[in-house]
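Student: Just lifted these from Swiss-Prot, have a look:
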- Leu121, Gly125, His126, Leu127: (6S)-5,6,7,8-tetrahydrofolate binding site (BINDING)
- His228: site 'Plays an important role in substrate specificity' (SITE)
- Lys229: N6-(pyridoxal phosphate)lysine (MOD_RES)
Amino acid sequence: MFTANMNIQDYDPILWQAIENENRRQEEHIELIASENYASPRVMQAQGSQFTNKYAEGYPGKRYYGGCEYADIVEQLAIDRAKQLFGADYVNVQPHSGSQANAAVYGALIQPNDTILGMDLAHGGHLTHGAKVSFSGKIYNSVLYGITAEGLIDYEDVRQKALECKPKMIVAGFSAYSQIVDWAKMREIADEVGAYLFVDMAHVAGLIAAGVYPSPLPYAHVVTTTTHKTLGGPRGGLILSACGDEEIYKKLQSSVFPANQGGPLVHIIAAKAVCFKEALEPEYKIYQQNVVKNAKAMVEVFKQRGYEVISNGTENHLFLVSFVKQGLTGKAADAALGQANITVNKNSVPNDPQKPFITSGIRIGTPAVTRRGFKEADVQALAGWMCDVLDSIGKDNHEQVIAETKAKVLDICARLPVYAK
């Protein structure tokens, strides 16, 4: 029997210390990784619920195990809320991750060795959009499109590649693209070559849910997303569609279970249901509007300080800063900012002269800082501090600038905690 006073702190102090240290790191560091966000206490409560004990292979009303009546309620809640949130008529909430959601889509609609056309990872795409090191580039014949020197998708280039390679599927979506994707144009190209249009909206799902970024649902045959990132929920995946094709829906359903996964994570599905309810609240739209405002405000500071922003701006939650002109590496910038308690990630830029583990840029995103309460004035100050650190790399005053910046970071983090005591 489990007793009420059982806890990790007493039983496993080494693990508990790691958890406590991570909590302190999140509270005392400014999080600017574009794919990270803070889940609400309600989401975390659902993740820690007794549903973690429940096996529920199958779908609501069609389970292979008994005792699933409450799991059915939870999963149906998540499905119905996601449909309402995104305007979908098909939803699968079972994928354990975005990558597994993507694998299920490929498995449902195309065959091994079929050709897919996706965005190059080095130009802002994702591993699962056809990168050679990913299953998507090993199982399928992947052809890649990129962005122009100005940092924009060249739709005529996408069209020409599609006409040449005749893909069975065109993959749209990104992990590091800061502009609006023309979903209608991508569908037009897909229709011209008889391909499915598959959109991975993982990075902008929260913005789309709030109506501050165009939705791909009216254009794509199928859409996937993660449920963290801008959505701000638990780590997991989601498949949606509004194409109206029941045959596609059946294929997607069986491609998740039993083809790619066994039992769903009911506790995570419960957390997804909470996340979707939160995203339907009026204040959620204000939050997402502020995410974009904050990203735009930071961009202007970097440009004023002489740093190149890829595509010269942003229309979403993220942007890339290139250091090619400064001769600085993304790895060095990432490390220096990290010393000042500012967390970013190094990122390749178009035509990057550096290797992927070094890079010539960083990716910056505003979902997490906005969720903890940063306003435009706060992120403008923050961007200035970041430029101070970057300007000082290799100079005599570098350590002093790091120390001064870290003190400012600790002060604002104390004033704007993630989880209020």
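The count begins at 1 with the first shown residue.
Glycine too: its Cβ is placed from the backbone N, Cα and C atoms.
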Student: Whose Cβ lies within 8 Å of the mean position of the Cβ atoms of Leu121, Gly125, His126, Leu127, the (6S)-5,6,7,8-tetrahydrofolate site, other than those residues?
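Tutor: Everything else in range on the chain: Gly118, Met119, Asp120, Thr128, His129, Gly130, Ala131, Ser134, Ser175.
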Student: Helix, strand or coil at His228 (site 'Plays an important role in substrate specificity'), per DSSP?
Tutor: coil
Student: How far is it from His126 ((6S)-5,6,7,8-tetrahydrofolate binding site) to the residue listed as 'N6-(pyridoxal phosphate)lysine', counting Cα to Cα, in Å?
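Tutor: Approximately 14 Å lies between the Cα of His126 ((6S)-5,6,7,8-tetrahydrofolate binding site) and that of the residue listed as 'N6-(pyridoxal phosphate)lysine'.
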Student: Round to the nearest Å and give the CA-to-CA distance linking Gly125 ((6S)-5,6,7,8-tetrahydrofolate binding site) with the residue listed as 'N6-(pyridoxal phosphate)lysine'.
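Tutor: Each residue's Cα considered, Gly125 ((6S)-5,6,7,8-tetrahydrofolate binding site) and the residue listed as 'N6-(pyridoxal phosphate)lysine' end up 16 Å apart.
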Student: Looking only at Leu121, Leu127, the binding-site residues on record, which one has the least crowded Cβ, with the fewest other Cβ atoms within 10 Å?
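Tutor: Each of the binding-site residues Leu121, Leu127 was scored by Cβ atoms within 10 Å; lowest is Leu127.
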Student: Using a Cβ cut-off under 8 Å and a sequence separation of 6 or more, which residues in the same chain sit near Lys229 (N6-(pyridoxal phosphate)lysine)?
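Tutor: In sequence order, Ala34, Ser35, Glu36, Asn37, Ala202, His203, Ala205, Gly206, Pro367 meet the Cβ cut-off.
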Student: Within the chain of His228 (site 'Plays an important role in substrate specificity'), which residues six or more apart in sequence place their C-beta under 8 angstroms from its C-beta?
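Tutor: Sequence-distant Cβ neighbours: Ser35, Glu36, Asn37, Ala39, Pro234, Arg235, Gly236.
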Student: Could you tally the C-beta atoms, other than its own, that fall within 10 angstroms of the C-beta of Gly125 ((6S)-5,6,7,8-tetrahydrofolate binding site)?
Tutor: 25
